[in-house]
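A.B. asks: Below you'll find the structure I mean.
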Amino acid sequence: MSEPEVTYSTVRLHKSSRLQKLVRHEETQGPREAGYRKCSVCWQLIVKALGILCFLLLITVAVLAVKIFQYGQHNQEIHETLNYHHNCSNMQSDFNLKEEMLTNRSIDSRPGNELLESLNREQNRGYSETKTDLDSSQDTGTGVKYWFCYRTKCYYFIMNKNTWSGCKQNCQHYSLPLVKIDDENELKFLQFQVIPDSYWIGLSYDKEKKEWAWIDNGQSKLDMKIRKMNFKPGGCVFLSKRRLEDTNCKNSHYCICGKKLDKFPH
């Protein structure tokens with residue numbers, strides 16, 4: 001009896017074209033997604049770095065702006081101080097010129113020389129009278145710091161903050177009124193003296209007349225300038241190194257009293 005024949009065969013499964021494309025797509029998609037993730041991380045780092053850089057630039061610009069502003073203010077103060085010294089120098093030069101003219105005229109005219117001496121004596125006498133009046137007044141704890149005379153006026157600085165009415169009473173104690181500023185030159189001179197504080201002066205709002213008035217009800221060459229300042233009715237005026245300013249009369253500032261030496265011979 002013969003043995004049966006055994007037949008072997010190999011079975012090959014052919015993938016469809018669609019399945020092959022899907023496999024190829026999956027094989028290529030993996031590296032692409034990995035590349036995209038790497039690029040995304042890089043961009044995030046770049047954006048963060050740019051954000052930090054912009055923030056630092058903003059801070060730098062802000063600091064520079066503050067420095068420039070402070071530098072401008074400092075230059076303005078220096079300019080104002082130089083202008084004041086220039087004005088004071090001009091005023092002193094004018095005074096010296098007038099004095100020199102009178103002195104020169106005294107060579108040819110004795111009356112001119114006598115007039116000059118009389119003016120000097122009268123101013124010195126007024127200075128002495130003011131000093132005597134102030135020294136003879138009893139100290140009431142008003143914090144008087146210093147006083148001085150300039151040109152035709154003597155000024156008394158009371159370094160104790162008070163209301164406008166309080167400063168008025170303190171000045172009256174020394175037989176003086178709150179200071180009246182007569183012109184622009186006197187204003188600039190006093191502004192240089194009050195650095196860096198603020199002081200009440202003899203200017204307040206008269207509710208009956210409904211206008212700003214000096215304490216002696218007199219006139220000043222500053223009246224036109226004061227009207228242009230548009231002060232609010234009902235207040236009082238104080239002086240600082242930069243300006244005249246109106247405020248509530250019950251606020252506290254230092255005081256300036258003043259006396260005019262107006263007893264000159266005719």
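Backbone N, Cα and C define each Cβ position, glycine as well.
Keep in mind the model is a prediction, meaning the values are calculated, not measured.
For reference, Swiss-Prot lists these features for the protein:
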TOPO_DOM  1-44  topological domain 'Cytoplasmic'
TRANSMEM  45-66  transmembrane segment
TOPO_DOM  67-266  topological domain 'Extracellular'
CARBOHYD  Asn87  N-linked glycosylation site
CARBOHYD  Asn104  N-linked glycosylation site
DOMAIN    143-261  domain 'C-type lectin'
DISULFID  Cys149-Cys154  disulfide bond
DISULFID  Cys167-Cys255  disulfide bond
DISULFID  Cys171-Cys257  disulfide bond
DISULFID  Cys236-Cys249  disulfide bond
A.B. asks: Cα of Cys249 (disulfide bond) to Cα of Cys167 (disulfide bond): how many Å, rounded?
C.D. replies: 10
A.B. asks: Mind telling me which of the disulfide-bonded residues Cys149, Cys171, Cys255 has the densest Cβ neighbourhood, counting other Cβ atoms within 10 Å?
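C.D. replies: The residue with the most neighbouring Cβ atoms within 10 Å is Cys255.
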A.B. asks: For the disulfide-bonded residues Cys167, Cys236, Cys257, work out the Cβ neighbour count at 10 Å and name the residue with the minimum.
C.D. replies: Cys236
A.B. asks: Pick out which of the disulfide-bonded residues Cys154, Cys249 has the most other Cβ atoms within 10 Å of its own Cβ.
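C.D. replies: Going through Cys154, Cys249 one by one, the largest Cβ count within 10 Å is at Cys154.
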A.B. asks: List only the single closest residue to Cys149 (disulfide bond), chosen from the disulfide-bonded residues Cys167, Cys255, Cys257 by CA-CA distance.
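C.D. replies: Spatially nearest to Cys149 (disulfide bond) by Cα position is Cys257.
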A.B. asks: Should Cys257 (disulfide bond) be counted as helix, strand, or coil on the basis of DSSP?
C.D. replies: strand
A.B. asks: Near Cys257 (disulfide bond) in space, meaning Cα within 10 angstroms, which of the disulfide-bonded residues do we find among Cys154, Cys167, Cys236?
C.D. replies: Cys154, Cys167
